[in-house]
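Now, the feature entries from TrEMBL:
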type    : residues                       : note
DOMAIN  : 39-377                         : domain 'UDP-N-acetylglucosamine 2-epimerase'
BINDING : His498, Cys508, Cys510, Cys515 : Zn(2+) binding site
Amino acid sequence: LVENGNYFSRRLRVCVATCNRADYSKLAPIMFGIKSHPDEFDLEVMVLGSHLIDDYGNTFRMIEQDDFDIGSKLHTIVRGEDEAAMVESVGLALVKLPDVLQRLRPDILVIHGDRFDALALATAAALMNIRILHVEGGEVSGTIDDSIRHAISKLAHYHACCTPRAEQYLIAMCEDHSRILLAGCPSYDKLLSPQHREDYMDIIKSWLGDKVQKNDYIVALQHPVTTDIRHSIKIYGLMLDALLSFNKKTLILFPNIDAGSKEMVRVMRKKGIEQHPNFRAVKHIPFEQFIQLVCHAGCMIGNSSCGVREAGAFGTPVINLGTRQTGRETGENVLHVRDADTHNKIYHALELQFGKRYPCSKIYGDGNAVPRILKFLRSIDLDKPLQKTFCFPPVKDSISQDIDHILETQSALSVDLGGTNLRVAIVCMMGNIVKKYAQPNPKTFEARMQLIVKMCSDAIRDAVGLNCRILGVGIGGGIIHHSELVHGSTFCAAELGHIMVSFEGPECSCGSRGCIEAYASGMALQREAKRLHDEDLLKVEGMDMKLSEPVTAGHLINAARLGNSKADAVLNKACTALGVGIVNILHIVNPSLVILSGVLSSYYKTPVQHVINERALFSEPALLGAASMVLDYATRRTY
């Protein structure tokens, strides 16, 4: 910023909005990181949702205990715990949020996850032109949370995701790759911290009694599935029956505030869980204590994301019930029970899992998420346009009705950098050459570039008189897929001439060695022809060659046809290099057609086809490849 001619940097005003105990466990490490850099960031904390409800533990108090100043508290929950109440809660939040956001005026609003409260936050901020950083987008799970998570991703301007798969899903959703940070899960920064608590037995005993030992109790946490409430209540009742039969000390947490939670609590009370000596039913446990309880549990059961995420960091065995986490990436510590008609299947799963230990999983993070997120926040340029753009895959444009397009012939400028000649052409959409230009290829790079620029300038000037509208300039070969040119991530796909076919081959113009172009291009053959000519090894009987005539690739081909073994060896090596390169293309891309163009194409066609016939894979490898794709997909451990 500039003020009175002086430059200074102001602090980035970051508002972190937290809605419940679960998202606070992910946001708290970020908040601590922001707070530890007061010279760079100005932290504002907004609390809403179930944090402010007594039945759910008034969990805003743990935020205050962490010494954060809560700038805004919004009572946004409409009680009822059914679908209508969730909708009304979103509406109430949207009514209250504009005043708060207008007062805070944050540069960035940090939102976590997939809750309906977060959707209200993202909607309000996007409409008020406030930049949004979405944490944990791109993941896949069951219930309505999946749709909400992806909706927030579309509203968000920046993304801090946890896994490479989530990053790829965000890219597939057309989000800008430059605005996606693969950070890892912020809670893992604490889970993987080397500073392990030695008082874990005191924590276990404070919640479960003095007689309980580590690895000899169960942590249960089951939430309603809002898209199938009846089924989720059935599974919950069967879980409780299995736990009663299994007869182990169990710490069970109340479900969240989603539609169906009231019915689940009724089931729990009907079965007398709160009074049962084997159970301790609680509404809230501070996160630091909760992760110690999960870490040292004999098993965790339910459908909380903690089971498929945080528990894996400790190798704690987990039984995941129902469909709420369908699609989540999991470690080998997770055993899924999709559905059950009696409690026997869940009981058997408890027998299989209880007391086991699995290798620790780092699918969701390596313990360094917060430093990455802080660095990402510092890199955000507030002067760049706020309007987000989507990176859609290339598609055919719709038929234009612009009068200029109707009157003009849409054309491209194509450039052929031949070894002997440089050629430029104006080519229309139908593939017809409107006008062609050719000049001998200069010997020096600088002269070559000057001539290319001049020829292109001449063609662009002539295009006006020919009523051609030049849409772009194309150089070299390409790959056509579904009638579209494959561009690649940086528009440099299909540099086919620079496929390496030898580690120790001749030097290429690109700076590497052994490229196809270094063996088989017109310039490469001209170089070899000149070498043979300088050594008096090119000319043979019957070959007509004037002293003043420049040596070209044509002379090399002519000499080979007249029996020159040296020239023939050069051409054989060129044909082999080109053929091997095309075989590589066939194995990677498997095109239906390969087109050779240029003045040398007629000579290369037959020997290159011979190399392909000798070296390319056909029939059985293709069948095996097709089968391997099916087997790989069908046996992959994803849920």
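Backbone N, Cα and C atoms are what each Cβ position is placed from, and that goes for glycine too.
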Within 10 Å of the Cβ of Cys508 (Zn(2+) binding site), how many other Cβ atoms can you find? Include all protein chains, please.
-> 19
Among all chains shown, work out which of the binding-site residues Cys510, Cys515 has the most CB atoms within 10 A of its CB.
-> Cys515
Applying the rule Cβ within 8 Å of the centroid of the Cβ atoms of His498, Cys508, Cys510, Cys515, what extra residues of the same chain belong around the Zn(2+) site?
-> Glu495, Gly497, Met500, Ser509, Gly511, Ser512, Ile516, Glu517, Ala518
Could you give the mean pLDDT over the domain 'UDP-N-acetylglucosamine 2-epimerase' (39-377), rounded to a whole number?
-> 93
